[in-house]
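Since the structure comes first, as structure tokens, the remarks are kept for the end.
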Amino acid sequence: MCGILAVFGCIDNSQAKRSRIIELSRRLRHRGPDWSGLHCYDDCYLAHQRLAIVDPTSGDQPLYNEDKTVVVTVNGEIYNHKELREKLKNHQFRTGSDCEVIAHLYEEYGEDFVHMLDGMFSFVLLDTRDKSFIAARDAIGITPLYIGWGLDGSVWFASEMKALSDDCERFVSFLPGHIYSSKQGALRRWYNPPWYSEQIPSTPYDPLLLRTAFEKAVLKRLMTDVPFGVLLSGGLDSSLVAAVASRYLVESKVACQWGSQLHTFCIGLKGSPDLKAAREVADYLGTRHHELYFTVQEGLDALEEVIYHIETYDVTTIRASTPMFLMSRKIKSLGVKMVLSGEGSDEIFGGYLYFHKAPNKEEFHQETCRKIKALHLYDCLRANKSTSAWGVEARVPFLDKEFINTAMSIHPEWKMVRPDLGRIEKWILRNAFDDEKKPYLPKHIIYRQKEQFSDGVGYSWIDGLKDHANKHVSDSMLMNASFVYPENTPTTKEGYYYRTIFEKFFPKNAARSTVPGGPSIACSTAKAVEWDASWSKNLDPSGRAALGVHADAYEEADTKPANLLNGSPQELQESVAKTATVA
């Protein structure tokens, strides 16, 4: 991952302004500790903090076209850059960077080229010939991007909120799958897959087609010039990533440089479910496994730093980000700069335990669509910012555009939980990799029950967070929460505690509005809470809140009523889109 900052239309373009841009860009240096770059053109600034993954020696940014009239600063990876270069044979490339194709694609096709990119990316491009600019974000929002507006009429873009929150009057999360054009002064959606309309698909389930699509997604993400590994929790998703990567690593180009034995990493409290399962998978695959530990106290001590980096006060995101943040630090200390991770599968296949209660295939499919559309506010944000805090890049094969299209075109009846047919959550994915002749994984791992990351690292982690919050937040503080925090009012002491930390770092109204709200059960959207009347009394994002589904579910007697908040991630996205269009 890299860190980008771009500012256009500043009234002040003095040396002092340049120094200020450099200062703000430094706030993103954790994302890209390898090199810094800045391009200034009149009242326009494009800054970059680089994490060198592909072409470390010559791929410094910003990047340019042949005559340097087009300037681009990019955060991300373009996996099909070699194929795109073949289409641009009349262009002269300066570097081996995968991101340089963006400048040349713009020169060749104008603004209508973003759909050609296969990868994860956020970029800002300046055309100095007419001082127009564009900014775009990948289809799902794997890489973060924010857009802001200054009182002087300037427009800002940054990988993280901390780089523009002090200097912008208003800022919002840049919508995934969108492009901003200065010529139009508005956002428009470039990503328009069939599933986006939420209409029910009808394609029959083909396990071999699904398996092949996922294997391709993993293989293309082995594009690297630096050491890499796989985050392995021992659950289905990360285990499949590790199994596919391990199986095909020997045949890949990267094996010649870094060896054919895959490195895997897992973190947890000693004795946690994930550590045991991950060790078993690693032994089966023959990986070089790194088992990392943390204590509840170490996690609590890191909370403020975690919230500063991930820029949210969402409870489940903070619970899961903390162990991932600690693990990333240890991974970086071992010399690894890139990891593959298993985010996105639960959203695509309805893997969260609350999907057991989906009333019909229509509701099931629509909920998966809602979950994918909101990923940039939750798991993508966590995976990217938790790892980038230590200069580590996380790649997510399940969120490959082609794989999503394949998986989301399957008739949802195949995805539904059917105990009468022996189908548990994500059965179609499990079945696709249940190969008797050449097994990818032990059968009991393939059919292991879904365990959310914040639960799997050790159940006492969440219990410890709640106890810690209870010591810092009094009953009267929570009782008056609606007066102190009228927007997205916290309903638990844990939520209140996180909110106080967030507000310390990001006190503006615009910052708190970037975080979604609404009731949730085991990571559901607000809409899915309606599937079971008992859930409204047990609004907790832990998988153990799915009473009657999780093997170690909370006892009903232990649950306490919580106030319901209005609003959903989708409503937030719609309001953000309107705000950005008006601005």
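Even glycines carry a Cβ here, placed using N, Cα and C.
Any TrEMBL annotation is an automated prediction that lacks curation.
Keep in mind that what you see is a predicted model, and the values were worked out from it rather than measured.
Among the residue ranges 193-215, 423-445, 561-583, the one that TrEMBL annotates as region 'Disordered' is 561-583.
In this structure, the CA atom of GLU343 (site 'Important for beta-aspartyl-AMP intermediate formation') is 23 Å away from the CA atom of ASP98 (L-glutamine binding site). Averaged over the domain 'Glutamine amidotransferase type-2' (2-185), the predicted model has a pLDDT of 96. Looking at SER341 (ATP binding site) and ASP98 (L-glutamine binding site), their Cα atoms lie 21 Å from each other. Between the alpha carbons (Cα) of ASP98 (L-glutamine binding site) and ILE267 (ATP binding site) lies a span of roughly 32 Å.
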